[in-house]
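Structure first, then comments.
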Amino acid sequence: MESCNVELIFDHIGHFGRFQIVLYLICAYQSLSCGIHYLSSVFLSIIPEHACKPPGMVRKAVFHNVSAWRLEDILALRSPEHKDHIMVELQDGEIWELTRCSRTWRENTSHLGYEYSGYKHDSPCFDGYVYDQSKWRNSAVRNFNLVCDQKWYARMIQPLIIFGVMLGSITFSYLSDRFGRRMALWCTSIGVFFFGIASLFIFDYLSFMITRFFLVMASSGYFVVVFVYVMEIIGKKARTWASIHLNTFFAIGAMLVALASYLLKTWWLYQIILCIVTTPFILCCWMLPETPFWLLSEGRYKEAQGTVDTMAVWNKSSSCDLVELLSLDVTRSHNKSPHSIRKHRLADLFHNLDVAKMTLIVWLDWFTANLGYYMFGKEVIRRKENEPLYLLLVGAMEIPAYICLCIWLKRVGRRKTMLLFLLVSSLTCMLHVVMPSDYKTAKRMVALLVKSVISSVFAFIYLYTAELYPTTVRCLAVGSSNMVSHVSSIFIPFTSHFSKVWIFLPQILFGILAILSGLLSLKLPETQDTPMKSTWETTEQQVPENKDSLGEGPPDSFERWDSSRALSFAERWGLSRASPDAEKWGSGRVPPDAGKWGAGIAPPVTERGASGRASLEDESGGSGRAPPEKNTEMENEIENMKVSNLGGF
């Protein structure tokens, strides 16, 4: 099936009519929900300031020169850099020294101060812990006491979420290519709804981890599939900005997380509000039809015709007959077995050397973008006292970045955009390195700028990847790239260890990687203003002067015979049929030797055995009819056809 013919559907029914607008808003709303569930884990795994709980009611608490009647008030003033213990006097007169993970009883009850040389007795935190409640009145860490010797359980939350994102990306992208976009969207939407509600009714650490894992797995799978879905349901004229601005809704979701975390200090109430926001989508996800691209790639023409007719009715436009519009493709698809039509394997992304190179470059771009996204995102929000504020700024800065990206993409091609944005991110990263460490606010603003540029790369690379690959593996290509990109998230916690070698080593490595990725992106095909492809066959049959999507033209030894020339020759000389290779080689191609010998000139006749085959007359015993005696022009053209046929076999 010719992808350009599929694109012609939107010329009939509209590129972004009422039907597509409704579907887009439904998909965008759920993208907002994915942003909420993605980033809510940022605050779920925060370890608040804490201290070992004393075995009684506190009468007075002292921390250096500060005293208070409540231990929680002292904890609100203490930062992670403070290592000294807190002195407390209980109602019964006992004095205890409290650290984060231990407590010490003093024998002398008359001295409440740091200078003490009497008898002490250490004991574990049998009574639990006291937490700072200025930010959160309760949280996952507090509910499950994930501190001290249980602290590694809290640190497992983020790696598990990353693994869920990776698994969701590759799993649901495969299911999308195999069973359809709509089926994958239904499964992920139900998963987001079900596990979002289930996360409200958990009372132990294991249940918490299971629900969060499947929740982010479904959210990740949804965002990958919905991006491809939007690109295939919207016409070429509105496809770029519509797909890019799905990330805008994702950023709005991140801003809502920051706002909710600032206003709601109770963890369970915070979760309820976020789940309520994401619930309405489940009521309307059944409206999503399958995309014409996927249906046609699977040979399901009746269903595709029904979808196109429905879209035409909603858009108040004229429909089109797919059998007439895609008649050549319908005939071709009948000659294919179901096995040849349905190939949805990760190995298809490496089915030849050129495709393998393209896939590896795309994966490197994804890896670099994700590395910078989380590295500088961590740099921006690392200040413990203002996490919601900086997360809000991160989301707010991404929105104008996406708008600028859409404007830029209208004027510059995909490859140049990728190169430019990666180079800008590398240069701003170097600016962040050379700035004095005393300018903390300025450095944080530069990190915010780098984060915004990398966010644009991240939004754009979804679009570019979907345009590079055909429908049969499009979602798998985006999903596998997203999975590879999150491999970089595994290295983010180790950047602090790299900083011990040299404080700027992580930023330097990212800057070098960004330059390398940008330069290699020039090797990728240009997809601006080109129709999306439907199969690998259409990917490899692009015109030679523009080169196909794999970066090369068709092989010289297998050039196609122009069927229109063959038919005109048959009509001119009254032959019963055209060249036997006319249908085989397709239209729009020239004979192998046409460029070499020129039009209307016959090449030298190949002698018997020179090519490993006898001439056509030797094998068949002649043409079976005598040529016109006085028509040399006809003889030359017949001889041209014979010699050309030898090259075809």
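Each Cβ is built from the backbone N, Cα and C atoms, and glycine gets one as well.
Of the listed residues (N65, N335), Swiss-Prot tags N65 with N-linked glycosylation site; the rest carry no such note in the record, though that does not show they lack it.
With a threshold of 8 Å between CB atoms, the same-chain residues lying at least 6 positions outside the transmembrane segment (268-288) that come near it are 22-23, 26-27, 29-30, 32-33, 36-37, 40, 43, 138, 182, 185-186, 189-190, 192-193, 196-197, 199-200, 229, 256-257, 260-261. Just so you know, of the glycosylation sites N65, N108, N315, the Cβ with the fewest other Cβ atoms around it within 10 Å is the one at N65. Only sequence-distant pairs (6 or more apart) were considered; of these, at least three Cβ pairs between the transmembrane segment (19-39) and the transmembrane segment (244-264) are under 8 A, so the stretches are in contact. Under the DSSP three-state reduction, N108 (N-linked glycosylation site) is assigned to coil, being neither helix nor strand. Within the chain carrying the transmembrane segment (356-376), a Cβ under 8 angstroms from the stretch's Cβ atoms is held by residues 349-350, 418, 422, 425, 429, 447-448, 450-451, 454-455, 457-458, 461, 464-465, 468, 477, 480-482, 484-489, 491-492, 495, 506-507, 510, 513-514, 516-517, 520-521, 523-525, 549-551, all 6 or more beyond its ends.
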